[in-house]
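Pasting the relevant annotations from TrEMBL:
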- 99-171: domain 'DUF1736' (DOMAIN)
- 287-320: repeat 'TPR' (REPEAT)
- 321-354: repeat 'TPR' (REPEAT)
- 389-422: repeat 'TPR' (REPEAT)
- 491-524: repeat 'TPR' (REPEAT)
- 6-26: transmembrane segment (TRANSMEM)
- 33-54: transmembrane segment (TRANSMEM)
- 74-91: transmembrane segment (TRANSMEM)
- 160-179: transmembrane segment (TRANSMEM)
- 191-212: transmembrane segment (TRANSMEM)
- 218-237: transmembrane segment (TRANSMEM)
- 246-264: transmembrane segment (TRANSMEM)
Amino acid sequence: TDKEGHNFSMFWVLVSVILGAIAMLCKEQGITVLGLNAVFDALVINKINVLELIQKLLRKDKPLENAGLLRKGLFFRITLLMSGGASILYIRWRIMGTGPPAFTEVDNPASFADSLFVRAINYNYYYSLNAWLLLCPWWLCFDWSMGCIPLIKSVSDCRIIALAALWFCLIGLICQALCSEDSHKRRILTLGLGFLIIPFLPASNLFFRVGFVIAERVIYLPSIGYCILFTYGFSLLSKQAKKKKILAVAVLGILLINVMRCALRSSQWRSEEQLFRSALSVCPLNAKVHYNVGKNLADKGNQSAAIKYYREAVRLNPKYVHAMNNLGNILKERNELREAEELLSLAVQIQPDFAAAWMNLGIVQNSLRRFEEAEQSYWTAIKHRKKYPDCYYNLGRLYADLNRHIDALNAWRNATVLKPEHSLAWNNMIILLDNTGNLAQAEAVGREALELIPNDHSLMFSLANVLGKSQKYKESEALFLKAIKANPNAASYHGNLAVLYHRWGNLDLAKKHYEVSLKLDPMAPGTKENYNLLRRKLEQLQKKGG
């Protein structure tokens, strides 16, 4: 019955709204599926003639009834879809804090242009590039920002041709979709154009500024419309072509090339290195591409090559503070402290709330023995990032160098409160308390640390040293052996266990571990002297025994 059909269609419309909401939670573009459903309902199910509808609306000639909008509940379903979409958008708007995200000029340079002409012409150029990527997906890049596509600033720019070609094709298709005498052709073209354009609208910069120049992900849904248009165009050609086999081979060739391109691109996405390097040929002017290649190389330990790419990133974008920070870090590790300080100082000057750069600047200043400036830099970093355990750790190291032991312990304690698994901060506390003769406190801190990080061999080693000095030899031995089991190639672990056995009177075991330690590190400080003392003692005992 009509009532059952109405209830059935209403149920599926509600399901569509719910699924659209779920899609939007994954990616904002998902909400456009509601518009696609409305287009499909009108054009395919109800076979609405768009041109006739427009004419009747303009003439105000009982438009809803005459144009068939009330046919089979179409108007009701479209109203339900649009109401659902508006409700979802409102909820999303409220969740986002009633305002759009903040973007910078490097994310979308055209949207920051003062001239309306420059904005409009570049937006249209971006549309033409998106259309080209659908036709020929050869130029693919993980990021198109940061100068990847220079702005068009005058009509003399030859790239204007791309805009003209795009609108020539679009206007031609629209004219055919509205004015063709073939009703089937009108519906197919209108459907294809609707599926092509509607999902792209959120990325068009027409309603709000977006945070990218081109994002390949936003043409996934529009590709449905492209496939409809391409398939229909092929069907028209096949009807008119005399040599259909040649046409079929051409289409199969295009399909094969795209499959190969898809396989190649998928393989590039399997590793960061391949993905980032593939972008160098597509967007050589993109500072972020060079930054990512450099970061990938630095993570693999290839600092010399990473420096080259970081320098290029800074050259392309002189305000790229993250590239400056990473480059400054590498230079700091290579002891090129003056240049590192210059870069990090410039980074915090450009972005005063860049906490990581302030901390790294403090480390460099500490290395240059400018302690007051280093302390100030650390506190500035903490001011901009309240919960910054690594900065408290480095501040503690500064205080330890200045023999401000209480301040150092407090800084390291703050680091462990913010990050209970901060092994270095725990270790430094134990070592400082041990070196200052506070063995009971060092033992308490060591036990607390091991409760939180039970498998950390460096903590076992530090606590074992404290227990050995407190003459708790058995417990100290157990911790040393456990640490050695976790890290058998640490010469200091064997050397200090040998010292424990030496004190304890287990001279044969002491000799064994001294020898292992020296084998691992022949230059280990103090180990050779202790070993020679032990050998002399063993020789004396043998003489007495003899």
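Here, residue 1 is simply the first one shown, and the rest follow in order.
Note that Cβ sites are derived from N, Cα and C of the backbone, with glycine treated the same way.
Whatever TrEMBL says is automated annotation, not expert-curated.
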Three or more CB pairs closer than 8 Å, sequence separation of 6 or more: does that hold for the transmembrane segment (74-91) against the transmembrane segment (218-237)?
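Judged by the Cβ rule, the two regions do not touch, with the required three close pairs absent.
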Hey, which bits of the same chain come close to the transmembrane segment (191-212), Cβ under 8 Å, at least six residues off its ends?
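Cβ under 8 Å, 6 or more out: 28-29, 31-33, 35-36, 39-40, 43-44, 100-101, 103, 107-108, 110-111, 119, 123, 126-127, 130, 144-145, 170, 173-174, 177, 218-219, 221-222, 224-226, 228-229, 232.
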What parts of the chain pack near the transmembrane segment (246-264), using Cβ distances under 8 Å and only residues at least 6 beyond its ends?
137-138, 234, 237-238
Could you give me three numbers for the domain 'DUF1736' (99-171), the DSSP helix, strand and coil residue counts?
36 helix, 0 strand, 37 coil
Are there residues at least six beyond either end of the repeat 'TPR' (389-422) with Cβ under 8 Å to its Cβ atoms? List them, or say none.
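Sequence-remote neighbours of the repeat 'TPR' (389-422) are 355, 359, 362-363, 366, 371, 374-375, 378-379, 381-382, 428-429, 432-433, 436, 449, 452-453.
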List, by number or range, the same-chain residues at least 6 past the repeat 'TPR' (321-354) whose CB is under 8 A from its CB atoms?
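Tertiary neighbours of the repeat 'TPR' (321-354) are 287, 290-291, 294-295, 298, 303, 306-307, 310-311, 313-314, 360-361, 363-365, 367-368, 380, 384.
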